[in-house]
Each structure stands twice: as C-alpha cells, then as structure tokens.
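Visitor: Heads up, here are the entries from Swiss-Prot:
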ACT_SITE  His140  active site
BINDING   Gly155, Asp156, Ser157, Gly158, Val159, Gly160, Lys161, Ser162  ATP binding site
ACT_SITE  Lys161  active site
BINDING   Ser162, Glu204  Mg(2+) binding site
ACT_SITE  Asp179  active site, proton acceptor
ACT_SITE  Arg245  active site
REGION    266-271  region 'Important for the catalytic mechanism of dephosphorylation'
Amino acid sequence: MADSVTVRQLVKATKLEVYSGEEYLDQRQVVLSDISRPGLELTGYFNYYPHERIQLFGRTEISFARNMSSEERLLILKRMATEDTPAFLVSRGLEAPAEMITAATAAHIPVLGSRLPTTRLSSLITEYLDSQLAERRSMHGVLVDIYGLGVLITGDSGVGKSETALELVQRGHRLIADDRVDVYQQDEQTIVGAAPPILSHLLEIRGLGIIDVMNLFGAGAVREDTTISLIVHLENWTPDKTFDRLGSGEQTQLIFDVPVPKITVPVKVGRNLAIIIEVAAMNFRAKSMGYDATKTFEKNLNHLIEHNEETDQNSSGDK
C-alpha cells in the first residue's frame, strides 16, 4: 500500500491537463481517494471543508463562481487553497477563473483540467487512487487470465502451478503473475491481483529456470492485472481423501473479507491440469450466466427416480 500519490503520477495516469503549477506536481501529495466538490464552500461555509482532498469544479461550481464579484471569488478560493490541498481540478474542458489560478499559485497548488464530464472524471480519478492507495497483500500462487476470467491457482510448492500456467499460456491465455501475487481490494466485492514489478511477465519452471513470457510468446500472452474471479487450489491426490465429484459443494476463500469462489482439483499423474482449469473457468462462467450442469443433472436424476418409483408402484398394483 502506498501512503500517497504525487499529483504528477495522477496527471500521467489519468491524462489530465496542467493549467498552472507544473512546478508543484511533485510536491503535492494525494493521501485520500475521496474527491470534494466544493458547493457549500463557494457560499462561504467552511465548517466541514475537506481540505485534504482534490477539489473538483464542474459546470455547476464554475457557473456559481462566475456569478460572484472578482474580489469575493478570490477571497473564497484563497480560503480553499490550504497547505494540504493537493490540487484544483476543472472538468468538461471549462476555463479556470483567473482568481483560481492566482489563489492556487500563491499556495503552490497546481490547477488541472480535463475534457471529461464531471461524474466520469470523478470516477476515473477515484478508481485510480483506490488502486494506488489500497492496502496490498502478497499471496503465493499463479494468476492467469482465462477467457477474460482471472483465475488464481494455489497449492503447495512443487505441485505444478507454474508448469500449468505455462501450458495455459501456450493455449492462448494470459499470465499476470507467477509465484507471488499482489492483491488489493478495489471495491466492496472486487479483488484485483497483479505481479510485483520485479516479477512482471516472468515464469519460473523447474529445470528451465526463469523465462520471460512476453519475449517468448508476445505481448498478447501477458496482462498487468486482473480481477480475481475464481481460485483453483491444486492438491496432491491421496486415496484416503474424498474430493467433490459432482461439483455440488460450493467453496469460497476470503481475501480482504471478500468471499471468492474456490474449487479444489486433485493432482495425479496423467491428469492434464491446464485443460481441467480451462474447463473449470468456462464452467464457472456458465454458472454465472445461469446454467449449472450439476443442478441440471440432479434435477434430471430426481425426475428419473420419481418416474421409476411410479412405474414400480403401477406394476405392483397390476399384480
């Protein structure tokens, strides 16, 4: 988890324009993902002013400010420009009032702009800041994108996670991270995984060493990050352990208190794990779309049992 993000990093990531204060972009730090739209503050009410947030001015705020006198506008904007305020941001390609530039420059605050509508701009910046400021954890496993579904493969060392990922890449899927996966919570129900920068695009195969997946298979074989939708746990098969054969038992694993669906796949000589995991991802997607083969089978089986019981009863009655 990063404690802060510089305004320059924000500008680069979200493609913002710099109206003024280029020299302050590295000095100003963003510590909160929340954004403030200063409505009451423009009327002079500062009792609960969130000065440590980015101040976003949309069409409403700019229109209201233009109805003030120049002196009143400058006075209000100077009160808003505190030493903790990261930046002033103007949406919809609107022109920043001259008094905003003056007040911001005096307080060493950059003034930024974007052509995006206010709501979309707010969502874009909040999403970026959430991803950068969120708490991060490291998990042991391999993260692969299979048909657009983020699948986290876990299991003991030596069980075959990296080799399985390599075969999945050969089958056209994309690698995100091998061995160590950095995860963070994007929102209440979304967990995102990525590779640590030093391990990005790399895969370790016993006997071969470290291989660069992007150089060997091309840019289409890797991704920077993905939402973790499914966990596949590889476990060595033992005769005394019972594994779910029908897939009727639903498992989950908590990551940051978010339950992520999980299946356990027994590892045994001769089993093609890559194909099994690929099919598991497709089956999970089918369930998400409302089709569950297990439930369909159980329903048909129950109908068949009921039919056979009725047939037996009728046969007994005839006798």
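For all residues, glycine too, the Cβ spot is worked out from N, Cα and C.
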Visitor: Hey, of Asp156, Ser157, Gly158, Val159, Gly160, which of those binding-site residues are within 10 Å of Asp179 (active site, proton acceptor), Cα to Cα?
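Guide: Checking each Cα against Asp179 (active site, proton acceptor), the hits are Ser157.
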Visitor: I'm trying to understand the geometry here, so how far is the Cα atom of Gly160 (ATP binding site) from the Cα atom of His140 (active site), in Å to the nearest whole number?
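Guide: Checking the Cα atoms of Gly160 (ATP binding site) and His140 (active site) gives a distance of 13 Å.
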Visitor: What counts of helix, strand and coil residues does DSSP assign across the region 'Important for the catalytic mechanism of dephosphorylation' (266-271)?
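Guide: Summed over the region 'Important for the catalytic mechanism of dephosphorylation' (266-271), the classes give 0 helix, 2 strand, 4 coil.
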Visitor: When you average the Cβ positions of Gly155, Asp156, Ser157, Gly158, Val159, Gly160, Lys161, Ser162 for the ATP site, which other residues in that chain have a Cβ within 8 Å of that mean position?
Guide: Leu234
Visitor: In Å, rounded, how far does the Cα of Gly155 (ATP binding site) sit from the Cα of His140 (active site)?
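Guide: Rounded to the nearest whole number, the Cα-Cα distance is 8 Å.
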Visitor: Roughly how many angstrom lie between the C-alpha atoms of Gly158 (ATP binding site) and Glu204 (Mg(2+) binding site)?
Guide: 11
Visitor: Listing them in sequence order, which of the binding-site residues Asp156, Ser157, Ser162 have their Cα within 10 Å of that of His140 (active site)?
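Guide: For His140 (active site), the binding-site residues whose Cα atoms are within 10 Å come to Asp156, Ser157.
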